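Asks: What Swiss-Prot records for this protein is below:
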COMPBIAS  20-34  compositional bias 'Basic and acidic residues'
COMPBIAS  49-64  compositional bias 'Acidic residues'
COMPBIAS  70-80  compositional bias 'Basic residues'
COMPBIAS  86-103  compositional bias 'Acidic residues'
COMPBIAS  120-129  compositional bias 'Low complexity'
COMPBIAS  130-144  compositional bias 'Basic residues'
DOMAIN    148-238  domain 'RRM'
REGION    1-144  region 'Disordered'
Amino acid sequence: MTTRKRNEFLDIASEDEDGSDRGYDSEAAEESKGRFTKRRRTHTRADDLSDEESDLDVSDEDDERDSKAKIKTKSKRKTAKHGDEIATDDSSADEDDLQEDQYLDASAQPGSPSHTDSHTTTTTTTTSKPQKKKPLAKVKPPKKNKTGVVYLSSLPPYLKPFALKSMLETRGFEPITKVFLTPEVPSAAGPRRRSNKRKTYADGWVEFASKKTAKICAETLNASIVGGRKGGWYHDDVWNMKYLRGFKWADLMEQVQRERSEREARRRIEDTRARKEDKVFLEGVEHGKVLQGIQKKNEEKRRRQAEARADAEAAVAATAATSDAGNGPQGVKVRRLFKQNEVKVGRDKIKGDATLEDDTKRVLSKIF
């Protein structure tokens, strides 16, 4: 038997190293198992044929040549098929082949030419084949938003959102993705209807999946009656529609959020103002109550003083009346006179301008 100069199984191993970066694939693994079993069957069959050749050589030399020619042609075909199968096998079959090659080449010495040739061929094949790069996955561009928005400036009374959507879809304007209706705020001056709990909406927005559908809907239904069943609730109401060019649902939600935040801010300011006014009012009420209590106490004090003064005057008048009643007839007042005694003044307290008596003057004239 001639030794092989090129090891085909090692070449397949290098190809497997190139494809090892692709990861695990369950389908490829199942196919490789089937190919491995098929190849093992072909190996055993080739071995049996080689044994038959040796038996024929011993028995009959003439028949050996003919049988060898036939067997060689068959073996060439089988080896060609076998080589094609080897080129398509995966990593699991190649590892087994490498083990078999090592067993077959073990008889060859390291210094033999067959060994050196096989070694050089394997090194050249492993270094010559470049690695295949994976194609990059194509990034799909984001889908454009092709929706259209229609604005309804007025709506029929008590019309609900799902009823509006069904009315538009029955007329062929679909698909409708979103509907938003603004609830009507009742005026403070108007009468309050407590019995009717149905909601009314002031205006609304409808988003269609296609701009074309939105434009056709606005152009077709604008300034036309709602129609439908003749005795229906909304038969005679008129559509008021307008297609908003370049307007998206995100803009509407942003506007709604901004209006809601502004409304909440105004409500907070009004609440704080009302609380301050209530606080001032309560303080004024408390202060007024205190002043009323003080005034009430002062009035009671004045009233008590006036009553005491009146009682005293009445008592004085009563005593005077009783005293006057016993003195004169019929209560006539009598005038009484009292004699006053002259006050005696001492000698040392005589004034200088007082006149002296005649006796005293005579005595004094004699002395002085």
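Glycine too: its Cβ is placed from the backbone N, Cα and C atoms.
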Asks: Taking only the residues in the domain 'RRM' (148-238), give me the average pLDDT of this model.
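Replies: Over the domain 'RRM' (148-238), the predicted model scores a mean pLDDT of 87.
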Asks: Per DSSP, what is the residue tally for the domain 'RRM' (148-238) in helix, strand and coil?
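Replies: Its residues fall into 21 helix, 25 strand, 45 coil.
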